[in-house]
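Now, the feature entries from TrEMBL:
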| type | residues | note |
| --- | --- | --- |
| ACT_SITE | His70 | active site, proton acceptor |
| BINDING | Asp71, Val74, Gly76, Asp78, Ser80, Glu93 | Ca(2+) 1 binding site |
| BINDING | Pro168 | substrate binding site |
| BINDING | His198 | heme b binding site |
| BINDING | Thr199, Asp248, Thr251, Asp256 | Ca(2+) 2 binding site |
| DISULFID | Cys39-Cys120 | disulfide bond |
| DISULFID | Cys72-Cys77 | disulfide bond |
| DISULFID | Cys126-Cys324 | disulfide bond |
| DISULFID | Cys205-Cys233 | disulfide bond |
| DOMAIN | 29-328 | domain 'Plant heme peroxidase family profile' |
| SIGNAL | 1-28 | signal peptide |
| SITE | Arg66 | site 'Transition state stabilizer' |
Amino acid sequence: MASSSGLAGLAVLLTAVLCLQLPAASRAQLQVGFYDTTCPNAESIVQQAVADAFATNSGVAAGLIRLHFHDCFVNGCDASVLLSVNPAGGDPERDTPPNNPSLRGFEVVDAARAALEQSCPSTVSCADILAFAARDSINLTGSDVFYQVPSGRRDGSVSNGSLAFTLPGPNLTADELVKGFADRNMTAEEMVVLSGTHTLGRSHCNSFIVRNRERLASGTISPAYQALLEALCPANTSRFTNVTTEIDLSTPTVLDNNYYKLLPLNLGLHFSDDQLIRNATLKASVDSFAANETLWKEKLVAAMIKMGELQPKTGAEGEIRLNCSIVNTASSSSSSSARLIEVLRPGSDNEVASS
């Protein structure tokens, strides 16, 4: 009988050959209903995990949307943000200042992963779980917002913490924000659109308190608002000071256009939020979305889908992680490769001869 390492090598070789035989569009593009045959309940399983978590803590919705964003904006949508260890060495993305301690929702992804492994093992990627969970979070908080998520992403095996510092941060200027999105082939308007998800969730004092003192001096933040923030945040606020506040003072758990209405009142929490009204082009978008919530939600759906298609790994690239926080071992990779052959050859008997 062939050795396990020999079979693993054969599986990888067959996977590569089969993928080369597929049309380019099948290898490189995501598609709605990707799991219809291999895991028909995939999206409903993720949806249930998100709903269960949301029932206990509505704030998890904002965390899951942000997890998807922070994943896609660093080396594409490959679930690299979920890795707790970088096999190449150094800090993984999730442990760097742009993500730690502010990222949350990991436990929801883990719950969805566990449920999916019970239903259809080694089939649904962690990157797709993130995309589905972000969509479901938008639906739970936005009530009338639902969209189909193109899927078929594969999981990466590297999480380079230094790249997380390229994420758009709370202290960037308007020009820096626009450039950060342009570097990902996204427009200035799409940047304003996605910023609107700040209508959900909370932020740590360290993300705003110091820069807002400069805003107070320049008259770009409400003095009464800043006084409230100063009373909330400790004088010795640092990165791990675990004090937070809502980004949207009025409706922090509802996906609405209130974020845009607060900005002209000098009630944007972050310097970067306020920058959206200090640039004439960006302010035009802010005013448009403040006046028309339906328009913003339509553009949000389009922007979320576009963001979710940033540099995905597809076909034989990457892997299907069995544990979203660590890369697969050699044995689990062999199993995953064999599963990919089954996906690529629907209807075959999937038998591999052994000797």
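Glycine is no exception: its Cβ is also placed from the backbone N, Cα and C atoms.
TrEMBL labels come from automatic prediction, so no person has curated them.
Model, not experiment: these values are computed from the prediction.
For Cys324 (disulfide bond), the spatially nearest entry among the binding-site residues Val74, Gly76, Asp78, Pro168 is Asp78, judged by CA separation. For the Ca(2+) 1 site, the Cβ centre of Asp71, Val74, Gly76, Asp78, Ser80, Glu93 serves as reference, and the other residues of the chain with Cβ at most 8 Å from it are His70, Cys72, Phe73, Asn75, Cys77, Ala79, Val81, Gly156, Ser159, Leu163. In this structure the alpha carbons, written CA, of Cys233 (disulfide bond) and Thr199 (Ca(2+) 2 binding site) are 21 Å apart. For Val74 (Ca(2+) 1 binding site) paired with Thr199 (Ca(2+) 2 binding site), the C-alpha to C-alpha distance reads 23 Å. Other C-beta atoms found within 10 angstroms of the C-beta of Asp78 (Ca(2+) 1 binding site) number 30, with every protein chain shown included.
Asp256 (Ca(2+) 2 binding site) has its Cα within 10 Å of the Cα of none of the recorded positions Asp71, Gly76, Cys77, Asp78, Ser80, Cys120. For Asp71 (Ca(2+) 1 binding site), the nearest of the recorded positions Cys120, Cys126, Asp248 in terms of C-alpha separation is Cys126.
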